Amino acid sequence: MAREKFERNKPHVNIGTIGHVDHGKTTLTAAITNVLAKKGQAQVQNYADIDGAPEERERGITINTAHVEYETDTRHYAHVDCPGHADYVKNMITGAAQMDGAILVCAATDGPMAQTKEHILLAKQVGVPALVVALNKCDMVDDEELIELVEMEIRELLSSYDFPGDDIPVVQVSGLKAIEGEAEWEAKIDELMAAVDANIPEPVREVDKPFLMAVEDVFSITGRGTVATGRIERGIVKVGEEIEIVGIKDTRKSTVTGVEMFRKLLDEGMAGDNVGLLLRGIQKEDIERGMVLVKPGSITPHTKFEGEVYVLKKEEGGRHTPFFAGYRPQFYIRTTDVTGQITAFTDRDGGNVEMVMPGDNIKMTGELICPVAIEQGMRFAIREGGRTIGAGVVTKIIE
């Protein structure tokens, strides 16, 4: 029991390993657990445990993801590793595994490859705030100058995607030798984790952000007024506070006259709570599913945005045929479907494409028929007749 209590005293951070196939992401993940297990800060996970990750479904998309957990002296980590490249793309776009930071694994024997670049771009697009580089397989390169060249190449690559390439720590490691118990390489894993502790910022707790709750349901209580229910996404709301109702119709203000959870009255509701909020002077018809209740002035509704989208394959339940610019699906945003149009799209690197095939990964411009509270970094699904055909993340608000 003592262990449980100990764990909660440390801040919790979500991280993951990213990088090119066969550069050693999974081996490095196993090495971290092996080295930390010797200090009692992790359970040993071997390569096969992590590589045989079960399939998970997120927004109707099948993703293979392995989750391991471990501690350092100052933090508790949840660490995600994906076996396949397609799994990373899906994972990062759907936000199935939200990352507060990532360890970019690059083999010193190869240097940066196609997926190294793609994962850095994805990390930038979906808002992974910080990276640390693990230069892996350094035991296989005798020439120190060669290692320095690879490091320079990685730093330039990071800078080209607007990460601070000159400042990001690059640690020389060998996942395999660390697992085999060679002391000098075990020490390098400690050095890597110290870099992660120091360079991946602690996430702002949801409860410290401005209040937001997406409306799931609305009903009237005779003699008391209108109640909106939903799960508080972030922040805190107190009885007597003013809020704004944003999206679909014109923004309007109201005052919260009651907060109720499990039929009990509360003084306040906080991030993660499923609550009913009693709103003063609001009729049932003024408010509907898909609107959000927010701290006044903290969010404005928008109709045009850019997004990074993964389009499901036919085997994943997606479309069987391609679509073209002007395609009009529904965008499922927070709690509701909003009709919109995909007005333009390019491939990942901004190259022109005529049409979008099932299984593609694109950048797109979307326009909604009514303004909704969308924000940069927010996830959405693209649906057609109630079934998901794509998943995306908002990369930029246009208007």
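Cβ atoms are placed via backbone N, Cα and C, with glycine included.
Given the ranges 19-26, 267-274, 347-354, the record in Swiss-Prot names 19-26 as region 'G1'. Thr26 (Mg(2+) binding site) falls within a helical segment according to DSSP. Each residue contributes its Cα atom, and for Cys82 (GTP binding site) and Thr26 (Mg(2+) binding site) these two points are 8 Å apart. Under DSSP, the residues of the region 'G3' (81-84) split into helix, strand and coil as follows: 0 helix, 1 strand, 3 coil. Cα separation, Thr26 (Mg(2+) binding site) to Cys138 (GTP binding site), rounded: 16 Å. In sequence order, Lys25, Leu104, Val105, Cys106, Gln115, Thr116, His119 constitute the residues six or more apart from Gly19 (GTP binding site) in its chain with CB-CB distances below 8 Å. The binding-site residues considered are Lys25, His85; of these, His85 has the fewest other C-beta atoms within 10 angstroms of its C-beta.
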